[in-house]
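Since the structure comes first, as structure tokens, the remarks are kept for the end.
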Amino acid sequence: MIFSILEHILTHISFSTVSVVITLHLITLLVNEIVGLYNSFEKGMIVTFSCITGLLVTRWIYWKHLPLSNLYESLIFLSWSFYIIHMILYLKKKKQNLSAITAPSAIFTQGFVTSGLLTEMHQSAILVPALQSQWLMMHVSMMVLGYAALLCGSLLSVALLIITFQKGIIKIFDKSKQLLTESFFFGEIQYINEKRNILQSASPLYVRNYYRSQLIEQLDHWSYRVISLGFLFLTIGILSGAVWANEAWGSYWNWDPKETWAFITWTVFAIYLHIRTNNNLQGANSAIVAFIGFLIIWICYFGVNLLGIGLHSYGSFT
């Protein structure tokens, strides 16, 4: 009874804090000058992270197993993993640009979990015989941590694509202006170019382009590092799951829908890492592959659960 009440309190506190944090996050996106408001936003993230940690520990103590037996618990753990990645990026030299991308993942996942839409799945139950194994902690935790890291890294790649696309539009606009100036006489063009070079040397547009290129490099660097970490977690999760499957069902691989999509996810991000070895294909090219992987992860995580079939049906919505 005490654990149930504590879980109920932590759930409501985390949802209330997330509601405030979402508001602060939207305000900080619109008004960048308010430093104190951004600090309040980060404090709210820490409070929410503490509540989620307490919620996971409470369910772990009460049910005597790691809370990863259904979709509701795995979503809580996914949100907790998002917060971990967000904190690492924020504390790593105060990278606010990167944490501004990862924060919404943690906020909205936790908001969805604690909103009451999954009320029927809040109550945990006795594990089915197949899940009553020490491999539960190893396999499922590695898979969810892998999903979280791959999703965050893919989001950084998506941000890189958006910024690169905007930069491409600006370049096209500049080229169109150059074509228009070709209709003038050569002397007029030379005079205008000299005058424009003097003005552009002190123009804030060049400063903005410099910071944009720096941000693109930062996004590319950190998306690669986070995706590499997620790929490692995913590999460990798949291998441990294969060993567990052999113990539980007598076969290492059964081409279950979840297993198949996990293998597809692994293949896509293996292609991403392979592309990264070629310097000419880094940046936007590898980011496109990461974006495809982002979509496939959600199919693997949510789409298969919507079907409710296969050996992993205990993680479905029903």
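Just so it is clear, glycine is given a Cβ too, placed from its N, Cα and C backbone atoms.
Here is what TrEMBL says about this protein:
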TRANSMEM  12-32  transmembrane segment
TRANSMEM  44-62  transmembrane segment
DOMAIN    68-312  domain 'Cytochrome c assembly protein'
TRANSMEM  74-91  transmembrane segment
TRANSMEM  98-118  transmembrane segment
TRANSMEM  138-165  transmembrane segment
TRANSMEM  222-245  transmembrane segment
TRANSMEM  260-275  transmembrane segment
TRANSMEM  287-311  transmembrane segment
| request: Kindly state the mean pLDDT of the domain 'Cytochrome c assembly protein' (68-312) in the predicted structure. | output: 78
| note | Beyond a gap of at least 6 residues from its ends, the CB atoms lying under 8 Å from the transmembrane segment (222-245) belong to 85, 89, 95, 98, 133, 135-136, 138-143, 145-154, 156-157, 160, 251-254, 259, 262-263, 265-266, 269-270, 272-273, 276, 286-287, 290, 311
| note | With the cut-off at Cβ under 8 Å and a gap of six or more residues from its ends, the chain residues touching the transmembrane segment (260-275) are 143, 150, 227-228, 230-231, 234-235, 237-238, 241, 281-282, 285-286, 289-290, 292-293, 296-297, 299-300, 303-304
| message | Please report, as numbers and ranges, the same-chain residues at least 6 past the borders of the transmembrane segment (138-165) whose CB is under 8 Å from any CB of it. | response | 66, 68, 74, 77-78, 81-82, 84-86, 98, 101-102, 105, 212, 215-216, 219-220, 222-227, 229-238, 240-241, 244, 262, 265, 269, 283-284, 286-288, 290-291, 293-294, 297, 300-301
